[in-house]
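Among the features that Swiss-Prot reports, substrate binding site is placed at Arg27, Gln28, Ala29, Gly30, Arg31, Asp77, Tyr154, Thr209, His327, with the record citing sequence analysis. Annotated site 'Transition state stabilizer' per Swiss-Prot: Asp77, in sequence order.
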Amino acid sequence: MNSLKNDRYLRALLRQPVDVTPVWMMRQAGRYLPEYKATRAQAGDFMSLCKNAELACEVTLQPLRRFDLDAAILFSDILTIPDAMGLGLYFEQGEGPKFSKPITSMADIQNLPAPDPEQELQYVMNAVRTIRKNLQGEVPLIGFSGSPWTLATYMIEGGSSKAFTKIKKMAFSDPQALHLLLDKLADSVILYLNAQIDAGAQSVMVFDTWGGVLSPRDYQDFSLQYMHKIVDGLTRENDGRKVPVTLFTKNAGMWLESIAATGCDGVGLDWTIDIDNAKARVGDKVALQGNMDPSMLYAAPERIEQEVQKILAGFGEGPGHVFNLGHGIHLDVPPENAKVFVDAVHKYSAQYHKG
């Protein structure tokens, strides 16, 4: 495998010294880029884009051609695992992902197959291999999965939800069924992420988009314990290097200590917590990723630079910070504003890495 020309992102996640703070953006390959829209039109639809290794590679690399990013992230979707389990994933215009065969009973859960990453999900591994080859060692490649709880919300609700009544009904009326589903999903995520690592992913991330809708005790019970199981089951070294793992739960500022205690290397932060507060609480255990409000990218360039400086100052000196947005970049953000953001991180962070 190629040696890395820029390993800042991996070093920061392992809390090792870097020259400047590394930066990437969640959803950095996406609809805010005109070249992405053109490639997606060529593919026909979103899942066809995900399933074509050459096109998935192309959209993964597009933001790296525009911006001085310190990592690439696999272009895929968090719902690949439930799709491979046969739930009939489809996308409705303006409504997001839906499943034609949602989970409604214990029998549905017992009958779920365990997808083989090199069979039903081989298209993802082919994309990882293609991207890794085409990156030519410029920056590391991040692989990812949804968390068991977040995957289960889509599988039981049948798509996106605001109230999560169906999954919470199962959680509180038939917890045994939900725990069986979450356990099966954790096993599948472990297989899936380890296959991505084998295929060339140099770091992995678990996105727990909907963990924040749970009470503190239910978060531990239905979300965090399964992410802990995943962390324990991951390949943590490959090709002579450590493979860092980052956990990201949206709206989880109150649970940082518990997340850090899983043994992960990095914790993703959304914008609802101050990074200095997060560092004071868990900075001696994990790296922190984040955490500018993605909507700040609508602001004037000077305002974006001010916000970057504020977050850098909040984290302060020393390693262990990967700069990112607090969630995915919005689809109508001007690409030039994203460039202001990325360049500002490198420009203003060097002063914090002189030691």
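Note that the numbers count up from 1, one per residue, in the order the chain is shown.
Cβ atoms are placed via backbone N, Cα and C, with glycine included.
Everything Swiss-Prot records as a feature, shown here on the structure.
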residue	record	DSSP (3 states)
Arg27	substrate binding site	coil
Asp77	site 'Transition state stabilizer'	coil
Tyr154	substrate binding site	helix
His327	substrate binding site	coil
Alpha-carbon distance [Asp77 (site 'Transition state stabilizer'); Arg31 (substrate binding site)] in Å: 14
Cβ-based isolation winner (fewest other Cβ atoms within 10 Å) among the recorded positions Arg27, Ala29, Arg31, Asp77, Tyr154: Arg31
Tertiary neighbours of His327 (substrate binding site) (same chain, Cβ under 8 Å, six or more apart): Met26, Lys250, Asp270, Trp271, Pro294
Pairwise C-alpha maximum, in angstrom, for the residues (Arg27, Gln28, Ala29, Gly30, Arg31, Asp77, Tyr154, Thr209, His327) that bind substrate according to the record: 23
Residue pair Ala29 (substrate binding site), Asp77 (site 'Transition state stabilizer') - Cα distance, angstrom, rounded: 12
Integer Cα-Cα distance in angstrom, Tyr154 (substrate binding site) to Asp77 (site 'Transition state stabilizer'): 13
Alpha-carbon distance [Asp77 (site 'Transition state stabilizer'); Arg27 (substrate binding site)] in Å: 10
